[in-house]
Amino acid sequence: MEKYEKLEKVGEGTYGKVYKALEKSTGQVVALKKTRLEMDEEGVPPTALREVSLLQMLSQSLYVVRLLSVEHVDCAKNGKPLLYLVFEYLDTDLKKFIDSHRKGPNPRPLPPQQIQSFLFQLCKGVSHCHAHGVLHRDLKPQNLLLDKDKGVLKIADLGLARAFTVPLKSYTHEIVTLSYRAPEVLLGSSHYSTAVDMSSVGCIFAEMVRRQALFPGDSEFQQLLHIFRLLGTPSDEQWPGVSSLRDWHVYPQWEPQNSAPAVPSLGPDGLDLLTKTLKYDPADRISAKAALDHPYFDTLDKSQF
């Protein structure tokens, strides 16, 4: 790792520690992700190789953080080599951007054109992942990095991504920050699809408009109460099979509310798109690809993307 000079630790990702670093030969600032995936006697474990090849494939999109290289390092501590992933570096994320508009010296709404542009780029990135058979499963504002000068948004931290080309694989539950978690995951469904990411996209969209989480639960139960209070408690007619999901019968039966007051500055097209991302039945939820053609984006200059 002599090639890089670590400047500061900038976080803990799904992979492990993340550092801001300088590539000495070029002067380029990069993000170094030290993976927890230690190599075994055979070399790099197949899971790590799969993850890396997936990241390389996905980072061909402008809207996914680019993986620049992979470095093998001999670790003196236990003699096991480590794997560092070298990514392009972006200095802020959507959470910090929203927070800067909510608090601080100059609280103000995000400009509608900015929301439109960020959402379009997010849908482009998600559509790219889905087209390559990958669910992100942990989309949240902290995982959406921004190049503020260029107005570009990029999806990061695909550490929980799994190829979903194996149909209806039983996935593990422990994923996704609660506020962006899809109802089928919260209700314990172990079979899910690309629709889980679109539910997160809807929550992120609403948060850009509101500057605070749409469903700010601190437990799975609380999270579902927030969702059901606004969208109504789903029925088997709306969402076939929902009543057979875990803990279903403990929830009060609420009627759906008008969502408009929750996102007061959003026009009819925006509200329609939001509603389509938050549909209960995953099969009815709008796809990322279809979202790109939604009338909400008609006033956006798409030639720039």
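Even glycines carry a Cβ here, placed using N, Cα and C.
What Swiss-Prot annotates here:
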ACT_SITE  ASP138  active site, proton acceptor
BINDING   VAL10, GLY11, GLU12, GLY13, THR14, TYR15, GLY16, LYS17, VAL18, LYS33  ATP binding site
DOMAIN    4-297  domain 'Protein kinase'
MOD_RES   THR14  phosphothreonine
MOD_RES   TYR15  phosphotyrosine
MOD_RES   THR172  phosphothreonine
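All features noted in Swiss-Prot, drawn onto the structure.
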residue: VAL10; record: ATP binding site; DSSP class: strand
residue: GLY16; record: ATP binding site; DSSP class: coil
residue: ASP138; record: active site, proton acceptor; DSSP class: coil
Neighbour count check, CB within 10 A, over recorded positions GLU12, ASP138; minimum at GLU12
Work out how many Å separate ASP138 (active site, proton acceptor) and GLY16 (ATP binding site) at their Cα atoms, rounded off.
15
Around VAL10 (ATP binding site), how many other CB atoms lie within 10 A of its CB?
15
For the binding-site residues GLY16, VAL18, which one has its C-beta crowded by the most other C-beta atoms within 10 angstroms?
VAL18
